[in-house]
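Heads up: the structure comes next, in structure tokens.
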Amino acid sequence: MVGRVKVPCCSVCHTRYNEDERVPLLLQCGHGFCKDCLSKMFSTSSDTTLTCPRCRHVSVVGNSVQGLRKNYAMLALIHAASGGANFDCDYTDDEDDDDEEDGSDEDGARAARGFHASSSINSLCGPVIEVGAHPEMKLVRQIGEESSSGGFGGVEMWDATVAGGGGRCKHRVAVKKMTLTEDMDVEWMQGQLESLRRASMWCRNVCTFHGVVKMDGSLCLLMDRCFGSVQSEMQRNEGRLTLEQILRYGADVARGVAELHAAGVICMNIKPSNLLLDASGNAVVSDYGLAPILKKPTCQKTRPEFDSSKVTLYTDCVTLSPHYTAPEAWGPVKKLFWEDASGVSPESDAWSFGCTLVEMCTGSTPWDGLSREEIFQAVVKARKVPPQYERIVGVGIPRELWKMIGECLQFKPSKRPTFNAMLATFLRHLQEIPRSPSASPDNGIAKICEVNIVQAPRATNIGVFQDNPNNLHRVVLEGDFEGVRNILAKAAAGGGGSSVRSLLEAQNADGQSALHLACRRGSAELVEAILEYGEANVDIVDKDGDPPLVFALAAGSPQCVHVLIKKGANVRSRLREGSGPSVAHVCSYHGQPDCMRELLVAGADPNAVDDEGETVLHRAVAKKYTDCAIVILENGGSRSMTVSNAKCLTPLHMCVATWNVAVIKRWVEVSSPEEISQAINIPSPVGTALCMAASIRKDHEKEGRELVQILLAAGADPTAQDAQHGRTALHTAAMANNVELVRVILDAGVNANIRNVHNTIPLHMALARGANSCVSLLLESGSDCNIQDDEGDNAFHIAADAAKMIRENLDWLIVMLRSPDAAVDVRNHSGKTVRDFLEALPREWISEDLMEALLKRGVHLSPTIYEVGDWVKFKRGITTPLHGWQGAKPKSVGFVQTILEKEDMIIAFCSGEARVLANEVVKLIPLDRGQHVRLRADVKEPRFGWRGQSRDSVGTVLCVDEDGILRVGFPGASRGWKADPAEMERVEEFKVGDWVRIRQNLTSAKHGFGSVVPGSMGIVYCVRPDSSLLVELSYLPNPWHCEPEEVEPVAPFRIGDRVCVKRSVAEPRYAWGGETHHSVGKISEIENDGLLIIEIPNRPIPWQADPSDMEKIDDFKVGDWVRVKASVSSPKYGWEDITRNSIGVMHSLDEDGDVGIAFCFRSKPFSCSVTDVEKVTPFHVGQEIHMTPSITQPRLGWSNETPATIGKVMRIDMDGTLSAQVTGRQTLWRVSPGDAELLSGFEVGDWVRSKPSLGNRPSYDWSNVGRESIAVVHSIQETGYLELACCFRKGRWSTHYTDLEKIPALKVGQFVHFQKGITEPRWGWRAAKPDSRGIITTVHADGEVRVAFFGLPGLWRGDPADLEVEPMFEVGEWVRLREGVSCWKSVGPGSVGVVHGVGYEGDEWDGTTSVSFCGEQERWAGPTSHLEKAKKLVVGQKTRVKLAVKQPRFGWSGHSHGSVGTISAIDADGKLRIYTPAGSKTWMLDPSEVETIEEEELKIGDWVRVKASITTPTYQWGEVNPSSTGVVHRMEDGDLCVSFCFLDRLWLCKAGELERIRPFRIGDRVKIKDGLVTPRWGWGMETHASKGHVVGVDANGKLRIKFLWREGRPWIGDPADIVLDETSG
């Protein structure tokens, strides 16, 4: 007997070491573990280190455990073991292995005989075993591995036998053995299990639960023993099931769960491994109802609160698999559904079953690759479905089944289907499939491949390689052209035509043949290779009845379509057995124009109508595939323009509705006049195409004009009226004040006096709506002011009536009254004339010009009645009043103080009281308290003088004194300024169409609030003659009357803006309708009253919103600096470790509104909604920072620094980490941006002035100093305020540093002159002149300068704000001659030289500069303005000749453009002496002829890949390969941390191992790399023929691509799989 030697095993997994995945590796601490365990531990690490499981020592691993040393001593033992010695492992039991081997044959035999799982020696016991009558239980062998469950120490599955007393019967069962602990309520558990047994004992399609036995401190659950599971069956089929298996197993499970629900049992644990197969191959449900019974004792009571950062959920208590757990079963969100303890219900099983079906259909576990916390965030917080669900589409699953699975995954339990309904669905589809032999263990025929043979091959040797269809499908999917040809050739040579036919007709699990797969890939070469054989059927259909031509069209490959048509594909076929759409409809759905051209040229019907009444052209226009629609029209599809669909819309109507000018223009070009006339005037529900085009709203007015112009030229009826309002195109354009469109219609010959159904002409509508531009154009075009509508109103009536709202109409009355035939005496049907309407207006609204125009037409208004307090002025025709001027002037304004007899009145003017006659004055619109006013433009000097304010200053009327003087308050002034009312005018702040907001702090309104709420937003409807406003609000039926001072301007919303509901709005004015604060939508339409129509993704109908409830979302892009808004109480997915002060960098942007933000203290991006964050000012390299005073513990630690430490930012990582240089510190100080505070950047002695961006409202102190004044920083305060001093003011004042900008200080020796346009210097001219020049001799600490002007004795004292530095260069500076300067000798524009001095005329500088250019003996002298600064070259720089230089000035000297040399010397005139290794002598070059070569080092943000010369990086490859593309994220002491889109952690390497590559940018035209077998995240609907453009680039390089003719979300791709498309654009 040979002795056994103990071989140490891995202490983590208890598995013997080997030389493959279990090879022993050593950590830096000396402890060793197997490679597989270390890889799994490293995969959960957030960085490049790994903590030893035994001693907790941290080892630097790099990018992969491959770099760790092997334990060669252990490997020697493994080699010795393979030599024949017997070894044991401390953690294994040989007897168990032997028992398992012994039992395997018996199990196989029993399965082959078809015995029931719990078979017995005799059948007296029935299907359910009475545990009490079978006291003898023996555990035979353990099945599988030990696992843990709930609060139990371990759960073991055993193969066991139970026998009745006296050995009368014996049964084979499966036993779940669980160790009991002291804190378990065993009695309660046994009672619950007994109730479960009784409830389920008569249910079908369930694994029978026989009862529970307590033995040896364990609880044993007895149940039927089965022969595999759905999961094992999937593994046998390479991870997938056939459609038949999905339907059969689905029906079995649905039946079993439905019966359990009827018995009151909720399964709670449905997943493929718990769906077992009995001896007959039927699926049965196991582990039902056990989860709540076997939960942890610590979870018996409901926790009062939940911390989402700790994934200790209900799933932990009941040990549910998170991959299949319904949202309501996660515990913390139970309040969203029910009030019971766990939140589960029978509908929860529907979710689990849906996830299980997803795995059965795709072969992938739902949420595969995500942690439990990530699954919780996705399922409960984001309400997402498993991403694998999307992969079901296109794999041969019936649409009804796919839809049913989607309904199972509804977030709301009430929306999920019942299991009875699902059973009916499965049975209905099973009836359509011929019954095949069961896939049970009894079926002894081995499954050869995963395809269903349509016709059984005649070849008897089905194991031959070429006869296996799976191989053919594999090489087709890989694009292996030679492999396809070889397989088909061997099949033809070996088995003849029948073998080839069987290969080509075979279908994969998705029901597709090899030809379908080749077309789906878009490879014309593969299609040709298959169709070379006569046995190939070009119109073979898949299980859904689709021919290969449909797949080629979906792939967008015109080459494949051409090959199929050449081989006889039927281009006039229809889908769904002839009752569905034609292949042309399929092509128009996908939109590839070249494919459509191939079909139509081959004979496809361009005017075919599908089963929904839509033509091919309808489909193309609806999808906005313009090129495809044009191809249809060019190939006989013009007749489709006359076909109306179910919504009574023709393709022409749809083109107008989608502003598709190109299609309509091409239709007019290719169609006959008869075809155009038949289609152009067909009415839609809203009117003809012309009416629709004229009504196109804002942001598309240009397209609307083009459409109207095209349609009118093509013969559209201009008198056609829309169905709703009875307006023609001209009426609609005039009412919308679209003057360009009105001009287009009039230029087309349409009569300006065209009438609508109400006999209204366009001029009437323009006057009624205040469309002033259109009124002017219509009057110029001959509109008749005398035409009356059905109410008898002409243009005069309408203008006078609307003047109460539209003040411009009073001016239009003056214009219209000039018409020689103006019908001013005509009465309307109500008996009113123009005079009646004007009499109803306040007399002060009627100007003197209008009164004179009316008098000329014989219209006399009643005498004006004056009252005390009325504002008046003298009529302009008064030259000498009856009582004289009495101190007043012709333009004086006053108010009535007393009314005397005989029309005499006492008027209070600023100059005093005056007696005037009533017919000598006219009424004026008064200025009232609170109104905004300013000085009239024609006033040169105010009556009461200036007092600090400027001509542009806007003030507020405080009061009107009894003597007629106004008191006006200005910002910053301590008291009111006296003003003559004749010199002031009201400020016009708003015009029609402006967006305004009612002031939030408004407590009372002059004209009343009504139903209006402060803070509401609206649009100015019109401006009344008294300057008051009518504002349209979305929630009011009529405009609201207000004063301009009661509202404030607000940034308007525009079509296309992305918006969300404000966080301060608890309940929006228009109901939520299922939306939340996190819902993000795009404005698609804006009503006249400001009502927003918003398109929200995944919402079937638009959502309405009041603009005051909404806010714009910043136009974020990757790289923006952001933080959580102050108004956000909690981000969409919780705070986690983020605080309000945290600042991060935008990492990714999803289309659904979610964003990923990189924070320097997190290893993974923080997920939240785009509505949760706002932009902040980013930090920049070079800025000085210190720690914010409120910070006690920085995120990244103090690093031996203090709150007083000041650092200069030297580098910024992509996660926002600030690396700052601190004086006296060797390494950079790493600071979180949320902890840092930016210093002002100013120093004592800096020269500053007010920022121009402050507009007209600087601080009051600075206003007293003067906007253009210059000050000097005297001291810097901690609060951010700077103490300033200036040369003309005593004392100092404080201003915040954000209001200031730094300017260059004047220095001694600089040449200066006076500022252009200066009227007088601060202290007068004092013999100086505006053109004087001088040199600064002294600069004082307060900025005062002393200048020595040429020709003036002594030093001249000056304010630096009055002076300007002369542009001049210092001696030795390198300069370049500017473009446009005339040539001098060999010197021309672009020549580079060196400054040698300046020119003088006598003792004064003449403004010229002397420059030495190489190659010229004389120096160039000319104006300094002809020169610009050039980059100075230095010795040692590498250079080469510019490609634009054909012949260097001093010759090539044996060199070429490719020669690179080093500057060895530079002459005083700039001539370069270049050394090159190839040259025999020094090479002379002109500095203007060369360019420097600088090898730029890698920096953060660069796109990189590993150099081709690197075989193994210093820190190993890990998951990265030589073609991987990443982005430099961080730099640390020569090491680079690179972010790859497929890695969660940063990849570590040396800087020298990488090379810079061109980054992808938004807008790049791209395609999928040739030769790529499978993109990293799958093909989706794309192929190698797909071309598109980049619409998004994440910070880690992940690309979001919009491919041509594809709808929905962008395609996500790895940049290594994508290349630039050089052929596009």
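Just so you know, glycine gets a Cβ as well, placed from its N, Cα and C.
Your range for zinc finger, going by Swiss-Prot and the list 10-56, 151-197, 339-385, 1138-1184, is 10-56. If you draw a 10 Å sphere around the CB of VAL155 (ATP binding site), it holds 18 other CB atoms from the protein chains shown. Using a Cβ-Cβ cut-off under 8 Å and counting only residues 6 or more beyond its ends in the same chain, the repeat 'ANK 8' (725-754) has close neighbours at 690-691, 693-695, 701, 704-705, 708-709, 712-713, 718-719, 760-763, 765-766, 768-774, 777-778, 781-784, 787.
DSSP states for the repeat 'ANK 8' (725-754), grouped as helix (H, G, I), strand (E, B) and coil, give 16 helix, 0 strand, 14 coil. Proximity of the repeat 'ANK 7' (685-720) to the repeat 'ANK 6' (647-676) is established through 3 or more Cβ-Cβ distances under 8 Å for residue pairs spaced 6 or more apart. Contact count against the repeat 'ANK 4' (579-608) (Cβ pairs under 8 Å) is highest for 544-573, out of 510-540, 544-573, 647-676, 758-787, 791-826.
VAL155 (ATP binding site) carries a strand DSSP state (E or B). Mean pLDDT for the repeat 'ANK 3' (544-573) in the predicted structure: 91. Same-chain residues lying 6+ beyond the ends of the repeat 'ANK 5' (612-641) with a Cβ under 8 Å from its Cβ atoms: 582, 584-585, 587-589, 591-593, 596-597, 600-601, 605-606, 650-652, 654-655, 658, 660, 662-663, 666-667, 670-672, 675, 679, 1605, 1607.
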